[in-house]
């Protein structure tokens, strides 16, 4: 060949079809960018070029997807690439299986919600033509590994309303086999409404239990929804500093992670998918010792970092297609492409589709997402996650670092278990402030000249900690005898003030965890639930021998007492009249006449009244009418007495019955108060002064409790309310207190 000869190279074109959703603007751009980059890379395609035809469809429209695919097949394509949702993917799978067209499918999830795996239909003849370029969802495996490492036994999973909860089936099955207690709760798009519903439907005790449940949670939400959810949980004081939340999403950026971490109040762990080859620009951007001019290789543009995960797999799918084209030409088993008509029943499938799919299945490339092959049931199985998190420190919730990684081949690489301090406080002496409250902290028997000794439940816990960690402590009682509440100048009194002022290292007592206190000090985990209760002086039972007369008024008893002799006189007179009329001697079959004295008549009437009977001979009609009327009268009186006696005994037991706060606010006979500067005092202040509180009960309670700045009705300690007022026998005084912590 001379220099004047012209070298003519035959270029082979590979027509490829693509179907993308209309809202996926970057997919069209990335697909064309990948084809353009192939022309700059002679390692894969030398004398071949890929031509393409792109169709856009509406999201979740499988009918349109099939229509556009049929049009592409009619034009003539060797392969189909799609980036759609699950509905369109299933429709395209049925079509490509029937026409034997290789189909590379990239699952798309554009709203930011964590992805749930598409359940593709099994091929009827066993031949698979749809290959999943994006790996199956492995978040379940990562999450079950994480909760196992963290030794969680009970937690709640919050999932987005757009998330397909069926994707959690495998996770819940594994959790059930491990004996874990898992709760599920859906989070609507209107997150604020979710929390407002909680406060309108739950009582205080239920909110406390729900707050305890929130200490361990997994969030399967979009980044935006997760940020609003965390913000609302913190604002409503349902989140605590000892909480640990796990946010799991394949697609979450560095900026979104920092926003989540800064919004959270407790510990935050983030699970996301990573692609280590992103930063290996020498492999991606250098060809034949010179840099190729692709947008992916311009570090100033940051184009690669702005792409969605589905776009990255789309780019690598084009590389996989090019690799299969090259390998098929190399083994000289090429089949020409003929146009296919989906509408004709006589249309036969492409006879080269099976061989081309085999080349795709057994091919392997290294692209932007790492290794890609379809040897695992027609799906790309290579995936890697990183687990980022915060830990307890002075800059709590601000520092994010990589804790571990997880990949589909080796599993977890690293440890997520919390480091526990053991024997790390040897030789340290802590100053401990306390407040006496039985049975948590009490004064033990002290020896003269020796420091005060204490006992109680909280002291036992402190001694156990000191033994495990190796520290010593010096304990003293707080001077003002208060637990701690904010003052007008912004300072705190009581034990909280001692901690803030660095005069004490630890405070231990039956102190209540409140949102205001949590903002300035750290609490241990709650070990006892409580509720606000009403404490009243027990009513003395007084014996009254005349209580049996209470059902009837005195006038009624007087009338009854007068009726007995009156009726007795009437019976006496009627018997005398009867005896006068029967002066003749009795016959052989006639009874002897009976004479009745006045005393016996009275006895007969009284016996009938108390329903005990008595001897009576009522041979005349007049006596029968008189005694019958008396018996009816006694029946009515006795029945009324029995009913009134039962009602009287029942009502007497319900005297001074105050069961609820509503009962207490509506009555005026009882005065009531609580311990000043306590959690209950602050609770009623907040509820009673809240303008949004629809119920006026707490406003009325607060007016009475805070009468004269709390000096009239409230006390300085529970002991004062119980002992002092008890000794003074103030039966009309009520103490509002916590059961059990104050």
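Any Cβ shown, glycine's included, is placed from N, Cα and C.
Just so you know, TrEMBL annotations never went through curation; they're auto-generated.
Among the ranges 586-607, 608-629, 630-651, the one that TrEMBL lists as transmembrane segment is 630-651. Matching 554-574, 659-679, 680-700, 701-721 against TrEMBL, the residues noted as transmembrane segment span 554-574.
Between the alpha carbons (Cα) of residue 70 (disulfide bond) and residue 512 (L-glutamate binding site) lies a span of roughly 69 Å. Residues within less than 8 Å, Cβ to Cβ, of residue 517 (L-glutamate binding site) and separated from it by at least 6 positions along the same chain comprise 484, 496, 511, 523. Other C-beta atoms found within 10 angstroms of the C-beta of residue 685 (site 'Interaction with the cone snail toxin Con-ikot-ikot') number 16, with every protein chain shown included. Distance from the CA of residue 512 (L-glutamate binding site) to the CA of residue 685 (site 'Interaction with the cone snail toxin Con-ikot-ikot') is 16 Å. Here residue 342 (disulfide bond) comes close to 66, 69, 70, 73, 74, 95, 99: these same-chain residues lie at least six apart in sequence, with C-beta atoms under 8 angstroms from its C-beta. Around residue 70 (disulfide bond), a 10 Å sphere centred on its CB holds 16 further CB atoms from the protein chains shown. Summarised by DSSP class, the composition of the domain 'Ionotropic glutamate receptor L-glutamate and glycine-binding' (439-501) is 20 helix, 13 strand, 30 coil.
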